[in-house]
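Undergrad: Annotations per TrEMBL:
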type	residues	note
TRANSMEM	B:12-29	transmembrane segment
TRANSMEM	B:49-71	transmembrane segment
TRANSMEM	B:91-116	transmembrane segment
TRANSMEM	B:123-144	transmembrane segment
TRANSMEM	B:198-217	transmembrane segment
TRANSMEM	B:244-264	transmembrane segment
TRANSMEM	B:284-309	transmembrane segment
TRANSMEM	B:350-368	transmembrane segment
Amino acid sequence: MSILEIKNVGKRFGGLQALSDVNLSVAENTVHAIIGPNGAGKSTLLNCLVGKLIPDTGSVTFQGQSLLGRKPHEINQMGVSRVFQTPEIFADLTVFENVVIPSLAARDGSFRMNALSAVRGQGDIRATAEAILEDVNMLDKRHMIASSLSRGDKRRLEMAMCLVQNPKLLLLDEPTAGMARADTNNTIDLLKEIKDKRDITMAIIEHDMHVVFSLAERITVLAQGTPLVEETPENIKGHPKVREAYLGEAQV
Amino acid sequence: MLGLEKKDTSLLIVVAILTMCAPFILNPFPADSALAQFNAGYPDLMQRFVIFGIFAIGFNILFGLTGYLSFGHAAFLGVGSYSAVWMFKLLGYNILPGIFLSVITSGLFALLIGYISLRRSGIYFSILTLAFAQMSFALAYSVLTPLTNGETGLQVYTSDPQYFHSDAMPNIPHLFGQEMQSTYTLDAGAWSFDFNTGYYLCALIMLGMFYLAIRIFRSPFGLMLKAIKTNQTRLNYTGLNPRPYTLAAFVISGMYAGLAGGLMASMDPLAGAERMQWTASGEVVLMTILGGAGTLIGPVLGAGFIKYFENIFSKINDTVLHQWFAFLPDGIEDFLIAIVHPFVGKGWHLTLGLLFMAIVIFLPGGLVEGGQKIARRLGLKKAKDETPAATDTTPAE
Amino acid sequence: MDVIILQLLNGLDKGSAYALIALGLTLIFGTLGVVNFAHGALFMLGAFCAVTLQKILSLSFETVDPTKTDFLGNPAKIKTPYVESWFGPELGSSIIDWSVPLAILFAIPIMIGVGFVMERGLIKHFYKRPHADQILVTFGLAIVIQEVIKQFYGANPIPTPAPDMFKGSFDFGTLLGFDPNVVIYPYWRLVYFFFAALIIAAVFGFLQFTTFGMVVRAGMADRETVGLLGINIDKRFTIMFGIAAAVAGLAGVMYAPINSPNYHMGMDFLVLSFVVVVVGGMGSLPGAVLAGFLLGILESFSSMNEIKQILPGIDQIIIYLVAIIILLVRPRGLMGRKGVMED
């Protein structure tokens, strides 16, 4: 069963064909990694999924519904959450508020004029928020202002903000970029734990092959805006086409 | 109490006590003493304190929470005033319909302007609101003269219909017979205190509006508005649509402004276009910033502070200065007066401008932040710093 | 036809002022990324440079003329400007007469100095602060400048006449074959237009043909990269601020004879100039100039009686209306680059 279906997607920026004829299908409850050299079109593809960019051609369907032409918040409401390369969090608010907001959004939809009841009175929301903070080991930091967190904690907070919405599909854009090895390993463990505990599909864009091979069940290699190979991790390693695309890029 | 946290309840109670006792608090000096010029317990000044308080509280819901800086909020104040005076002209001097209509019309007007302006953010939003307000101002002066009475300003004439007016009712704004102007003066020894109906009505309404603002601040809706200020990208990818949230905040703050305008007209049944000018919009921005944007009490403090000093400073003229410095030798006296002179009396705006700059430069958090800094330095808040906020959802105030 | 040409001409002088102020605003916004609400105050300061110079040149000493008496029978006092006694009555009086053009020389160093002080003393600390803070602090500064001027010069407009030579009007219509006195245009406004054109050309030439200008243009396009090249951008931007201040100041100097300067003229022009910048496209210099003239002319056309009869009050709001439509339909303005401050 595939949850996300990308068909013949193409995207052009002026004279640059960023994506051409991308076909990709992500199976439900798997971790699917998309790798490729710089400029291969990974981020463009991701932006086409979340509504930031609209592809010129092709179709993107999520659980049988087209995502094309929908705004980012509508796509999120359908069950797609996104983790950014540099964590996007509500920096001026407390950690707790940071998770309360997505939790409210998941319950109340994209807009609800809920101006007279207190946040304090939303028992269910508070319980969910606390549970998720417990899951990412941040319950003790709930009162901290998010901007004062360490980089690793910000990443974990962003992850929690996505997970609290119980997304069906979690998109991760280089979740370990710029991290120290220890932090990277922690993130891998966290993602593994999430995968074991929940029914969730993940699509990861990643440079770090260590992360990719520790997590992914399927790997798609993107080069020059088009998929080269889609394989299991075992078969990817020795694949001649991949070596060719990556020559000098990273140790596969 | 009232669905508020303990901290907020005590804040509300403190504000309530202060506003109710304002006639005493603002008149601390005996009426005949030299210091009487620092008294501020006059009915019209006290009315202005609370009316501008309402205006600033409303503005803060937009600017303080969402960070959208509107430079055109005076337009809503003006619309509110015009609406109220029209009700006086058509129906009679009971202020209830006027206040009601002023909130409705300014709300609708805010809906229209907000719907268009909020399609942009940042400086573009500021300029759009400014353009709309200046447009309203220009129109009020020219084409809309039948509605606004142009430069003369809209006022009630004896020839106006006033359908519900009867001879038994007072010929000035009133609430079911209670005249807004009526003042009871209590003389206690050398002191004298004024208790004015209009002031108490405005004060009660302000308390209501303050309470409403607290509820909004603490609600999921208010939290979303804060989220908009912090990070709109994340908000979008969190499944929230910022547009209706900001529009709702804009309309609410427009209605607050309209209410303030309506009350202003109820205290003095006159409405002029200059109320809509962008300097008036700048004034409410200043009040909010000065007090502390995004804090609950800040705008009220800011409004009171500015209106108080506007009144006091503009009253100080050279004669008063001579009295103050009379004890000094002549040369020094004249020198000091020459220095102080540009900042007082008609020069009050200069002081205001300097104050504005000083606040933005040194104290972006306003008086509230300043108070916190002082308190912290004095060690009063040490305990609080060690155990961060006792409640989950309230950021440091 | 004659009416159209007349309105076109009438729009030019206001359009020139808008264009000059908007040009400075855009320079500051494009290079420093600062939204300067005090720019109108600089325009006003320029106008008061002209006022001040005229006052200084007219400073007089009194002498008693024993041969004449006034109506009370006292000996009459005669005021003689110092300038006249130094340079002789003829040269002296023509110096006073030409005080507005002379004020250009007087204003350039003053305005550049004011610009330097403003940038180093205040604006520099606001590069990293949000736009809202920049707006607020410069707004406060504008109030302060305005009030200081009010303290010194009072609240009333001060008539500052142009040289006698330019007092009359130029009969433009006769050139085009219309009857005399149909299309007439005051000489000074013509001077103002050419002056503005000259300044605009100078600014563009400076940016286009000097190394300094090249660096500034590069900085406007991509500040960080230019900074990385090891070029001291900050210093150049300070100079740029000074130049922008001088442009606004000169626009003010020459505008003094058209509208008697008063302390709030800066604010009046500022709001409109911002609108002009937005219409032209934030950060686009040609856009600012184009939009300035366009809106000035549009304003003048909408004040025609024929148009006012159909759309009463349109002359009051046309500029704002255009701005609102532009912002909604084409947020980057007429000539703005894609992606620059578009949201």
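Glycine residues also receive a Cβ, built from the backbone N, Cα and C atoms like all the rest.
Annotations in TrEMBL come from automatic prediction, not curation.
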Undergrad: So are the transmembrane segment (B:284-309) and the transmembrane segment (B:49-71) touching or not, going by 3+ C-beta pairs under 8 A with a sequence gap of 6 or more?
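TA: They do touch: at least three Cβ pairs between the two stretches lie under 8 Å.
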Undergrad: Most CB pairs under 8 Å with the transmembrane segment (B:49-71): which of B:91-116, B:123-144, B:198-217, B:244-264, B:350-368?
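TA: Result: B:244-264.
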Undergrad: Going along the chain, which residues at least six beyond the ends of the transmembrane segment (B:350-368) come within the CB cut-off of under 8 Å?
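TA: Beyond its ends, the transmembrane segment (B:350-368) has Cβ neighbours at 286, 288-293, 295, 297-298, 301-302, 305-306, 309-310, 313, 342-344, 397.
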Undergrad: Quick one: do the transmembrane segment (B:91-116) and the transmembrane segment (B:198-217) have at least 3 Cβ pairs under 8 Å, skipping pairs fewer than 6 apart in sequence?
TA: no
Undergrad: Checking distant contacts: for the transmembrane segment (B:12-29), what same-chain residues at least six beyond its ends satisfy Cβ-Cβ under 8 A?
TA: 2, 4, 35-36, 38-41, 45-46, 49-50, 191-196, 199-200, 203, 206-207, 210-211, 214, 297, 300
Undergrad: For the transmembrane segment (B:198-217), give me same-chain residues lying six or more residues beyond its boundaries with a C-beta closer than 8 angstroms to one of its C-beta atoms, as numbers and ranges.
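TA: Same-chain contacts beyond the flanks: 2-4, 8, 11-12, 15-16, 19-20, 22-23, 43, 46-47, 50-51, 53-54, 57-58, 60-61, 65, 173, 175, 180-181, 252, 256, 259, 263, 266-267, 296, 300.
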